[in-house]
Amino acid sequence: MDGSLNPNKHLKEQFVSNLSGSSMLEIAVMSTVVPLLFVLRHSIFSSYQSVTPTKKNDHDNAVLGSKKLGNYMATLTVDFLFTVLPMLLIFTVLADWVYIFAIPMMVLVFSVVAAKRVDASNYSGGSLSLRTNVSSYRVLVMTITFLCILAVDFKIFPRRHAKTETYGTGLMDLGVGSFILANALVSRQARSVSLVNWKAAVQSTSPLLLLGFARLLTTRSVDYQVHTGEYGVHWNFFFTLAAVSILTSIINIPPQYSGIFGVAILIGFQYWLSHGLNVYLLSDERGTDILSKNKEGIFSILGYWGLYLVGVQLGYYLFFGNRPTTALRTIKWARVRVSFISLVFWLVTVLLDRHVERVSRRMCNLAYVTLVLAQNLQVLPIFFLF
């Protein structure tokens, strides 16, 4: 491109364009194998504990600081070797072997977990709390997002895992939806914490808006390749997060009913898509107004907002809602409930994909939302094996 600061811009845009994704089966298998790495790491190294001295003098404080640093570095090394590095290999050079690894990995992890639970002396700590397990799940979402964003520009990263152009189920398509759902499950709304007014909501989302404008300015200033079919000309992921946050704060819906409201939004939006809006959003034609230039990002807010509201009610029901008995909040029952709901969403996703409209992250249609819910709720029960 003449006069461009990035002479390979067009080639890089082509490298991440016109992709159709992988299969739902591969997504489901990877959603099983990857979190099992976290379970395996915890099961093997959970007994590693730091030792603290009882005396409080300068020498002991120095020794304690040294041990803390040593423990931190040891933990960091173990996390990298047993979680980050295997994940990176699964996403790249071992991507074609994921089906072969799935069953042996499941057998290994379940054997280790079962052995730890039978051996009471080694498994004295009991199961981790729901809060800890959900936090581990959110860490997984962030880690996968970072690894894929860094790897997608390299040929070693399979093209089927990159974001799809129009319809399809690529691994990276799940990123933005998973991020929104992970936030919704533990949000203030799901925890029934008193909501802030819209002015405070705008202030709390100002960092997201600043990040959105910063990304827009930096990509423009260095002429970095931006695939406009993803969000539009100016829109990006941070603007979507900010918009969902502001809408949720302005329209205060009790968590007990937010899922119903979210489903209504999603069904209405899908009806709109099926009656012509999808043709407009998937077309390459753009007008001169802001709405037309950013049609994908702006209209998909409805889908992501519906997803967020459904996630709020799921978080309230599964983890934070008032129950007549504490047994419903145990790890065992949480695992059963989440697994059942995940199975239901997988079945709904297949039906929607075949009979209504194929999965499309670009529009955030109903099939995409149910896919995100199914995949993420499949991952959560695996963390409850801790």
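Every residue, even glycine, has its Cβ placed from backbone N, Cα and C.
Listed in TrEMBL:
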{"type": "TRANSMEM", "residues": "20-40", "note": "transmembrane segment"}
{"type": "TRANSMEM", "residues": "72-91", "note": "transmembrane segment"}
{"type": "TRANSMEM", "residues": "97-115", "note": "transmembrane segment"}
{"type": "TRANSMEM", "residues": "136-154", "note": "transmembrane segment"}
{"type": "TRANSMEM", "residues": "166-186", "note": "transmembrane segment"}
{"type": "TRANSMEM", "residues": "235-253", "note": "transmembrane segment"}
{"type": "TRANSMEM", "residues": "259-281", "note": "transmembrane segment"}
{"type": "TRANSMEM", "residues": "302-321", "note": "transmembrane segment"}
{"type": "TRANSMEM", "residues": "333-352", "note": "transmembrane segment"}
{"type": "TRANSMEM", "residues": "364-385", "note": "transmembrane segment"}
Long-range neighbours of the transmembrane segment (97-115), counting only residues six or more past its ends (CB under 8 A): 26, 29-30, 32-33, 36, 39-40, 43-44, 90, 385
Long-range Cβ neighbours of the transmembrane segment (136-154) (under 8 Å; 6 or more residues past either end): 12, 15-16, 34-35, 38, 83-84, 87-88, 91-92, 128, 161-162, 171-172, 175, 178-179, 182, 186, 376, 379-380, 383, 386
Distal contacts, the transmembrane segment (235-253) - CB-CB under 8 A, six or more residues away: 176, 179-180, 187, 189, 195-198, 200-202, 204-205, 208-209, 211-212, 215-216, 261, 294, 296-298, 300-301, 304-305, 308-309, 312
Best-contacting stretch, by C-beta pairs under 8 Å, relative to the transmembrane segment (259-281) and drawn from 20-40, 72-91, 166-186, 333-352, 364-385: 364-385
Interface check, the transmembrane segment (364-385) with the transmembrane segment (72-91), three or more C-beta pairs under 8 A: no
Distant-in-sequence neighbours of the transmembrane segment (166-186), which means Cβ under 8 A and at least six residues beyond its ends: 19-24, 27, 30, 91, 134, 137-138, 141, 144-145, 148-149, 152, 160, 229, 237, 240-241, 244, 282, 304, 307-312, 314-315, 318-319, 358-362, 364, 368-369, 371-373, 375-376
